[in-house]
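Feature annotations, reproduced from Swiss-Prot:
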type: BINDING; residues: 26, 128, 328; note: substrate binding site
type: ACT_SITE; residues: 79; note: active site, nucleophile
type: DOMAIN; residues: 154-302; note: domain 'TRUD'
């Protein structure tokens with residue numbers, strides 16, 4: 001199921017607009033949730049980059065430092081068509097810190113460096129702060145109304161277009177792999193294809209719950225998550241009224257699956273519901289099981305934190321917010337304006 005087919009929380013937006021008329025209209029600042037140690041065999045490098053692919057920057061840092069590309073890590077991929085600030089981690093055991101004054105890469109600026117004891121691993125961040133500018137908005141008041149709704153009720157926690165690659169190629173190739181039409185040897189491609197498969201399955205289940213307006217209605221066997229935590233527990237039928245109130249109060253969140261080679265995590269009615277909407281992905285799920293990917297859960301909704309906006313003129317609005325790691329700003333924008341799909345392709349790294 002492509003993003004255009006997923007259900008909206010507040011209905012498809014009537015207002016149109018443009019995101020990313022230029023990279024400066026999409027600013028991302030990584031929030032690791034911790035500060036570097038100040039000592040250790042790893043060197044943390046904080047970079048501001050414009051129009052640069054994350055892996056390309058990592059490879060450039062590796063060449064400059066004279067180390068293998070595998071010795072440079074980062075917490076996550078960032079959008080290419082954007083201005084992004086993120087940390088890279090160079091493993092330099094017993095080596096002097098390179099003189100970054102002579103490091104030159106178009107579109108990149110080194111902000112600071114610091115030593116670190118441990119490697120920076122994928123996913124090791126708290127979240128990201130976003131500052132976006134939406135232009136050529138067709139209906140000022142409709143966008144204003146949407147922003148107020150989102151401030152109160154959040155948005156679907158869908159995986160965005162970036163997860164599926166340009167023109168959905170990651171998911172297309174995953175399906176070919178699942179059908180034994182191709183062999184995938186490259187580790188990074190295997191990871192991208194499996195991730196796209198699981199993301200599509202999550203989106204399908206989350207969209208189905210939203211279509212039935214059950215995104216915040218606890219049903220028997222639901223897997224519930226403490227807000228902001230990764231672990232979950234199964235809703236006991238005897239406690240449904242209490243659990244329902246905790247969901248309404250924002251203490252708990254209803255989740256959908258990122259399937260793996262084990263059980264979904266739900267039971268009874270909720271498990272039956274999820275299996276129904278995962279059935280079209282049976283071959284991809286078999287691939288995921290074969291590759292022994294560990295399953296997990298993800299909240300169906302996400303609440304943008306510190307959401308604020310300022311109208312620069314009647315058809316241009318600047319929006320700022322913070323999202324936890326793994327959530328997509330483009331899924332927030334999707335609830336605000338109806339974008340031309342030709343513009344959406346500029347979002348994919």
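Cβ coordinates come from backbone N, Cα and C, glycine included.
Of the chain residues outside the substrate site list 26, 128, 328, 28, 78, 79, 82, 130, 323, 329, 330 have their Cβ within 8 Å of the site's Cβ mean position.
Residue 128 (substrate binding site) falls within a strand segment according to DSSP. For the domain 'TRUD' (154-302), the DSSP counts in helix, strand and coil order read 77 helix, 22 strand, 50 coil. Spacing of residue 128 (substrate binding site) relative to residue 79 (active site, nucleophile) is 12 Å (Cα to Cα, whole number).
Residue 328 (substrate binding site) carries neither a helix nor a strand DSSP state and counts as coil.
The separation of residue 26 (substrate binding site) from residue 79 (active site, nucleophile), Cα to Cα, is 9 Å. Counting every protein chain shown, the Cβ of the residue listed as 'active site, nucleophile' has 26 other Cβ atoms within 10 Å.
Around the Cβ of residue 328 (substrate binding site), 25 further Cβ atoms fall within 10 Å across all displayed protein chains.
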